[in-house]
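K.L.:
My structure is below; once you've seen it, I'll send some questions.
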Amino acid sequence: MGARASVLSGGELDRWEKIRLRPGGKKKYRLKHIVWASRELERFAVNPGLLESSEGCRQILGQLQPSLKTGSEELTSLYNTVATLYCVHQRIEIKDTKEALEKIEEEQTKSMKKAQQAAADTGNSSQVSQNYPIVQNLQGQMVHQAISPRTLNAWVKVIEEKAFSPEVIPMFSALSEGATPQDLNTMLNTVGGHQAAMQMLKETINEEAAEWDRLHPVHAGPIAPGQMREPRGSDIAGTTSTLQEQIGWMTNNPPIPVGEIYKRWIILGLNKIVRMYSPVSILDIRQGPKEPFRDYVDRFYKTLRAEQATQEVKNWMTETLLVQNANPDCKTILKALGPAATLEEMMTACQGVGGPGHKARVLAEAMSQVTNPATIMMQRGNFRNQRKNVKCFNCGKEGHIARNCRAPRKKGCWKCGKEGHQMKECTERQANFLGKIWPSYKGRPGNFLQSRPEPTAPPEESFRFGEETATPSQKQEQKQEPIDKELYPLTSLRSLFGNDPSSQ
């Protein structure tokens, strides 16, 4: 950390920490951004010590700028950080990153005009190529510098560690900037393993070379003196062309960028290989219930790199699928932010979602909303929200129940008005075992014990002084009663059900 922190002096560090990340934003540059930029440069096999001077920052910008259109968001952030650091070294007054990029663009435009003017003054209208590894020596000749072992080592290390994951493509693009077809073949030949993938890459290159030959047929007739022959597909692939021919095509007027053409073919084949090594579709990337949003975004963009689609389609996937495939907690937050939210705002808003702190906040908000019994009834499914008017059994008034009644307690049953029992023991209008209401005028229902108390007064016959002659039918009934009492005692079924109404 100490070596990286020495990039800026005291006064430069003060100016650095006053620059805003975005126009009108609150966040400003800090020392951690320089540390992050140093680590990213080490990943791309670039010396982080170049950040200590404005000239070193200019060299880094020259290498990163051609990859901005096809690079990832991390590459764009790295370019913006180095551009801002360059302005600090040059003591250029800026307020935010946008102004730094504008200053860089102005300087590049001025330098380009100066180079064109110098070329016009010397009678050479062609622009001087400064792309590595083709450089101009002191005699003005275009010479080739072989690709460095350090670059090859970085490329081999990436293949060994990452195999053919999506980040291999931008790494290859950065390491092969300005390379000739011979340099590109050297990089491909250093790959020892993964021969199946390399065979697929060769097939893709052969297909693209055949397509080039079909679209660019050879012109009939001899070649004019002083002119070079037109490259064929095999010449672009470096199999039938020499290094001097490749340099001549790349520096000719007008130039034929055989190195860039061959590089596009290789990247096209690498995309197919990455697709084979990463069979997961972007549609299958979904956030787990307890997965942090940051890890989900990392998986999403890693899979998005492997998608063979245009930048417009990838932008649509990012705007739509990133929110759609998030878990319910994060999706609620992201929809509340709106469609214009940046990735930084999304990650800040969803930070900590799924953890114990977030669950406690959600529970507290839910409990704070439930403040009255009506809300609880709504949550339990009682959507009628209608309260029945209660009636007191004691006084007969509405608005309260008998438990809270202030009137004197009424004696007897609150249902039938009779004394001797309570309302819960009342049998008035009670259904029998058949589910029918027993009429009150018939006495106790049939499903109750038919307890008939014996009369205490003497029978009517004892008050009569003269005996009346009984009819034969009355005698028969008197004989039948003792028999019934013997056959059907009080505890029998007949005493339970009484006289059967259906037999009467």
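Note: Cβ is positioned from N, Cα and C throughout, glycine not excepted.
The shown structure was predicted, so the numbers you read here are calculated from the model rather than taken from an experiment.
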K.L.:
Please find, within the list 68-72, 73-77, 93-97, the residue stretch that Swiss-Prot describes as region 'Interaction with membrane phosphatidylinositol 4,5-bisphosphate'.
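P.N.:
Within the set 68-72, 73-77, 93-97, Swiss-Prot attaches region 'Interaction with membrane phosphatidylinositol 4,5-bisphosphate' to 73-77.
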K.L.:
Are there residues of the same chain, six or more positions away from R409 (asymmetric dimethylarginine), whose CB falls under 8 angstroms from its CB, and which are they?
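P.N.:
Within the chain, R409 (asymmetric dimethylarginine) has Cβ neighbours under 8 Å at N394.
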K.L.:
Residues of the same chain, at least six outside the zinc finger (390-407), with any C-beta under 8 angstroms of its C-beta?
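P.N.:
Same-chain contacts beyond the ends: 414-415, 423.
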K.L.:
Quick test of the contact rule: Cβ under 8 Å, at least six residues beyond the ends. What residues does that give for the motif 'Nuclear export signal' (16-22)?
P.N.:
8, 28-31, 34, 84-85, 88, 94-98, 100
K.L.:
Near the region 'Interaction with host PPIA/CYPA and NUP153' (189-227), which same-chain residues lie under 8 Å Cβ to Cβ, leaving out any that are not at least 6 residues past its ends?
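P.N.:
Answer is 152, 155-156, 159, 163-164, 233-234, 236-237, 261-262, 265-266, 268-270, 272-273, 276-277.
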K.L.:
For the motif 'LYPX(n)L motif' (487-496), would you mind checking the mean pLDDT of the predicted model?
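P.N.:
Mean pLDDT, the motif 'LYPX(n)L motif' (487-496): 52.
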